[in-house]
Amino acid sequence: MSADDKVKKTKKQQEAMSDSPDAATAAAAEKAARKAAKKEAKKRKREAAAAAQAQVDDSTEPDQEEQEPKRKKNKKAQSDAAQQQDNDDDQDSEKAKRKEEKKAKKDKKKDKSKKESNGDEATSTASTSTPTVIAPSDASAARDFLKTNNITIEVPDDDSPSSSSKQTPLPMIAFSELKPHLQPALWTALESQGFKAPTPIQACCWPILLGGSDVVGIAETGSGKTFAFGLPALQLIASTSSSSSSEKKSKGKSKAAAHVSMLVVAPTRELAIQTHENLALLATPLGIGSICLFGGVSKHDQISALQSSSPPIRIVVGTPGRILDLARGSDHFESALDLSHVQYLVLDEADRMLDKGFEPDIRAIIGMSRSHTHPEGGRHTSMFSATWPPAVRGLAESFMRNPTRVTVGSDELSANRRVSQEVEVLDDGRAKERRLGQILNNIARPRKGSSQPNKDKILIFALYKKEAQRVEQNLRRNGYAVSGIHGDLSQQDRMSSLENFKTAKTPLLVATDVAARGLDIPNVEYVINYTFPLTIEDYVHRIGRTGRGGKTGKSITFFTEEDKAHAGELMRVLKDADQPVPEEMNRFPTTIKKKSHSAFGDHYRDLVPGKAKKITFD
């Protein structure tokens, strides 16, 4: 039957079903029968396929009853293996856990051992946020020490935590008292210097600074102030974790600014260099990097040293101008100093810095450093000065945290009593030149040409650069081994002259007042004031270059008619130090001019805010 015939037949059936209800019922029954037959055929087909597969299995595999025990055995083996694996995993996990616990205990023990070896447990007072009082081993001897050395210690008188105890900290009069508060490496470095006993300013400042308080130290030059603030500062830095922010420099950022932990600001490059050298004696053995920054040399060289130093720089000593330049940066270079991490700030020769007009720079530097209320630990601050004028007091009050003031001797200007002062009244400049030759013939000529270097040195002060050059040339023509130091020399030449004088290669040094403050040159036997300085303060600081470190010294001063305005002040200084006043001085007026005015204040110490305007004439 063709497809067309089938279609015609289907239509006829539909027409028939639509014409009669009985026909429709018969058609539905027929359809259901066909569906049932088709289902039965599929069932028979599946049964036939199963029978054929059974025959194949009987001919190729063992009997089902024989296979069943084997499957059970394999299943049991798999179960046992899985259980063993779980047990092994549990054992491995337990072993790993025990290993981690053992490692943690070992690390904890190692950290504790490291802390003990570094002395952190014994010296934690150096970094405590709340100031404490370190008691001396012998309070009675400490009080006698204060009386003998004419030392006054004034604690804050407010309600701050640093003054809550109202106890006057007593000095550490022996190095043995300092040892428990220092790390072993720092103590070893100190011992290697061979010091016999602390100086008065050191003995008094150490317990205060190690206890966490700020200090204002008033003492004469050459009193050992560098180690007075240096030891507590190094202890604080050394006790800081090696993971401190000062050592966290991002990888790939080779030009990151150096994070400074200790900053020492000094008025002159010579004092800065000397302070840095002394601190390096103790810092280098501890692996603490340090650098000295000052003007007159390339900024780029200093920036390179800051960025590439190994170990990283943590101590910076420098003059205010150069420190501020490198901290601020410019259009030509980025900031090379990050002062926000400074933990220990020192202002050395603070009165001298104010005299030189550095107060704006100092305040800017302080503003860039960490505050004393910083959440990671406040800044510790020390200020040292030879005098205590109102300007210095005002600076201390503005940024220090309730400091304890230590005064060795008097906070008024006074000459070192270990220095014998001799004043010679001369007619004019020619008389000075002749008299200088006579003095040097007596004290220096016998030593000229000796095969052994002369350890005793003679420091000659001139007032101006040209005068210093002329005196130096005259002495050299007369056969003396002499060096000079003044403002017209390059930094390299100044350092060379200073080094030659320190080592006694040239036992005579002619200098201007640039060398009058702060420099600690050992074994200066004589100071000769060829020309009297502009102020009596400079006179006191000049003669303070001798008689240092507990030794005695001698000063000789030429005084002429041109210096008569200083006669009254000079006579007062001589009398206060129990020194003889020459009869010739009485011919000069002895009136001492007032140094302050109700309207204008101190005649040379007051600072004028802002900068002078430069006027150009066409």
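Yeah, the Cβs are placed from backbone N, Cα and C, and that goes for glycine too.
TrEMBL lists 1-141 with the feature region 'Disordered'.
Annotated compositional bias 'Basic residues' per TrEMBL: 34-46, in sequence order. Tertiary neighbourhood of the compositional bias 'Basic residues' (34-46): none, as no same-chain residue meets a CB-CB distance under 8 Å with a gap of 6+ residues from either end.
Feature annotation from TrEMBL assigns compositional bias 'Basic and acidic residues' to 93-104.
Marked as compositional bias 'Low complexity' by TrEMBL: 122-137.
Under the heading domain 'DEAD-box RNA helicase Q', TrEMBL lists 175-203. Summarising model confidence by region, the domain 'DEAD-box RNA helicase Q' (175-203) averages a pLDDT of 92.
When the motif 'Q motif' (175-203) is classified with DSSP, helix, strand and coil residues number 19 helix, 0 strand, 10 coil. If you look up TrEMBL, you'll see 175-203 marked as motif 'Q motif'.
The feature domain 'Helicase C-terminal' is assigned by TrEMBL to 435-589.
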